[in-house]
């Protein structure tokens with residue numbers, strides 16, 4: 001396909017975009033009508049919306065259109081999984097400049113579609129509008145399959161804190177890209193295309209998780225939301241985090257303590273949950289800390305100390 | 001509340017916005033977690049997304065923030081009703097410039113909330129991002145309550161075409177505003193704040209509607225989608241449309257044939273549906289035409305003739 005979005009026109013673009021989509025048995029009615037119809041066997045539907053802007057959430061010189069699609073979908077589908085639900089559908093609100101190559105839009109859509117397939121979902125509808133800044137507004141839907149939603153509010157003192165998925169890889173990849181490099185490839189890839197552990201969300205619900213969230217803003221920040229919603233304190237153990245050798249190498253090269261990436265890097269969309277104290281967890285879950293009784297702030301600590309947002313230990317917190 | 005969105009900050013703004021919301025029994029979990037949870041008693045959920053941009057879909061000098069909220073919600077909730085479903089929930093992706101007065105965002109949210117209440121729904125979640133252009137990305141959800149979704153594809157030759165709601169009022173109001181006037185007030189209000197007949201959607205499904213859509217792009221354009229999806233032709237009767245006296249007056253004042261507004265004006269979000277030939281329809285439905293067997297284009301005619309997009313009869317169509 002040649003030409004720009006403007007040359008293709010609104011209806012031409014919509015035709016190109018929808019022609020690339022795949023479906024699932026949950027899709028009762030796909031794109032093309034006033035609305036889509038999706039199965040909700042649980043009689044409840046889980047729904048989440050995120051907006052991504054070029055320049056703020058992605059850069060065309062760092063990521064291909066396909067990767068932007070994968071990442072945009074992943075971010076939303078991870079929110080569904082983090083409630084303990086199985087993603088079913090995704091709706092897209094897309095703003096594109098007239099001068100954008102039409103292939104950028106179609107490749108982005110390929111990425112959305114493929115990430116949906118990984119999660120078992122499908123793109124079921126959307127809207128395309130012309131505007132100045134590429135903007136991707138996504139709503140993801142999911143089904144709880146009879147489980148109760150696992151919110152951020154259920155963590156109890158004594159609960160284990162456990163995580164599954166990648167931590168700090170996207171942030172390390174970002175550090176590499178920001179310095180003009182394109183390798184180590186594994187980290188750059190992790191930044192461009194996160195791999196949320198979708199299945200872990202419903203699995204955690206089945207394991208009796210008391211609270212859960214996905215790590216989108218950074219482990220400490222997202223556990224801060226859990227601590228606030230659950231009215232508890234959370235303490236992590238620094239020794240529980242294995243720093244991969246290559247991540248340590250990047251840290252040395254760019255002068256960053258790699259634990260900083262692990263604790264504060266977002267966008268890998270790992271899933272972190274709290275579980276009752278005695279609960280045996282499968283090997284994919286790494287126990288990283290403990291829920292404690294509420295006290296004065298700080299709410300989330302590492303080995304009892306505050307970790308500074310700027311990296312390293314906070315000068316105003318207790319020192320080791 | 002004083003100050004700009006930038007001064008309030010992201011979390012401050014989200015707090016202000018969510019504090020204004022109301023809920024319904026269908027909302028199992030509202031804003032503040034990774035995702036919302038909404039009842040879907042039918043075991044299917046109806047979902048639709050639209051994006052509105054300042055300058056393209058609304059103007060701050062023509063509409064208050066509250067009206068923009070009402071209109072943005074109405075546009076999406078009407079899509080749900082036009083499937084024969086009852087709206088249940090709305091999610092908001094909001095892009096705001098840092099220098100926007102925070103009251104604009106909160107008043108817009110009040111409008112979203114109130115229009116949701118009219119339709120029986122609630123705002124359940126969203127995302128707020130800073131950007132250059134005010135952008136409102138909405139996803140509406142709904143429940144079919146056991147009915148089959150009424151698509152655009154079911155119209156059959158012989159069916160009656162009937163409409164309920166307002167036609168041409170928003171377009172006439174737009175014509176008034178575009179010429180710098182603020183009255184007649186009823187039409188300006190209709191442009192600023194449409195009143196979709198939400199209840200008519202599920203009612204039409206119960207009456208056996210064979211196809212249905214809401215009038216967002218204009219009656220002829222939207223019936224064109226029905227004709228294409230159903231592979232039929234549709235003929236309307238010009239005499240079936242009553243032109244209100246005040247609309248005729250505006251037409252004379254601005255030099256526009258008012259039937260043009262009725263046939264091509266969008267944004268009133270009337271609901272148009274096709275029904276089996278003998279079906280008795282309640283008085284709120286006005287029969288405006290008939291579904292006919294397919295033939296070569298044009299697919300939608302008025303008294304057998306093509307109506308030109310530019311207003312009046314098309315020079316290339318058959319003449320009266």
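Every residue, even glycine, has its Cβ placed from backbone N, Cα and C.
What TrEMBL lists as domain 'PurM-like N-terminal' is A:32-142.
Every protein chain shown contributes to the tally, and the Cβ of residue A:79 (Mg(2+) 4 binding site) ends up with 31 other Cβ atoms within 10 Å. In the three-state DSSP scheme, residue A:79 (Mg(2+) 4 binding site) is classed as helix. What TrEMBL records for A:34, A:48, A:79 is Mg(2+) 4 binding site.
According to TrEMBL, the Mg(2+) 3 binding site annotation covers A:34, A:79, A:214.
Look at residue A:127 (Mg(2+) 1 binding site): DSSP puts it in a strand. Summarising the annotation, TrEMBL assigns Mg(2+) 1 binding site to A:49, A:50, A:127.
Annotation source TrEMBL lists Mg(2+) 2 binding site at A:50, A:79.
The substrate binding site annotation in TrEMBL covers A:57, A:267, A:313. DSSP assigns residue A:57 (substrate binding site) to coil in the three-state reduction, outside any helix or strand. Cβ neighbours of residue A:57 (substrate binding site) (same chain, under 8 Å, six or more residues apart in sequence): none.
Positions annotated as ATP binding site by TrEMBL: A:126, A:127, A:152, A:216. Taking a C-beta cut-off of under 8 Å and a sequence gap of six or more, residue A:127 (Mg(2+) 1 binding site) has these contacts in its own chain: A:92, A:93, A:94.
Residues or ranges marked as domain 'PurM-like C-terminal' by TrEMBL: A:156-244. Mapped onto DSSP helix, strand and coil, the domain 'PurM-like C-terminal' (A:156-244) counts 40 helix, 13 strand, 36 coil.
For residue A:217 (Mg(2+) 5 binding site), the same-chain residues 6+ apart in sequence whose C-beta sits under 8 angstroms from its C-beta are A:266. Annotation source TrEMBL lists Mg(2+) 5 binding site at A:217.
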If you measure residue A:79 (Mg(2+) 4 binding site) to residue A:214 (Mg(2+) 3 binding site) at Cα, how many Å is it?
6
Least Cβ-crowded entry, counting other Cβ within 10 Å, from the binding-site residues listed as A:48, A:50, A:152, A:214, A:216:
A:216
One should report the C-alpha separation between residue A:48 (Mg(2+) 4 binding site) and residue A:214 (Mg(2+) 3 binding site), rounded to whole angstrom, as 13
Where among the binding-site residues A:34, A:267 do you find the Cβ with the fewest other Cβ atoms within 10 Å?
A:267
Using DSSP and collapsing to three states, where does residue A:152 (ATP binding site) fall: helix, strand or coil?
coil
Quick note, residue A:49 (Mg(2+) 1 binding site): same-chain residues at least 6 apart with CB under 8 Å of its CB -> A:76, A:137, A:138, A:139
Integer mean pLDDT for the domain 'PurM-like C-terminal' (A:156-244)
95
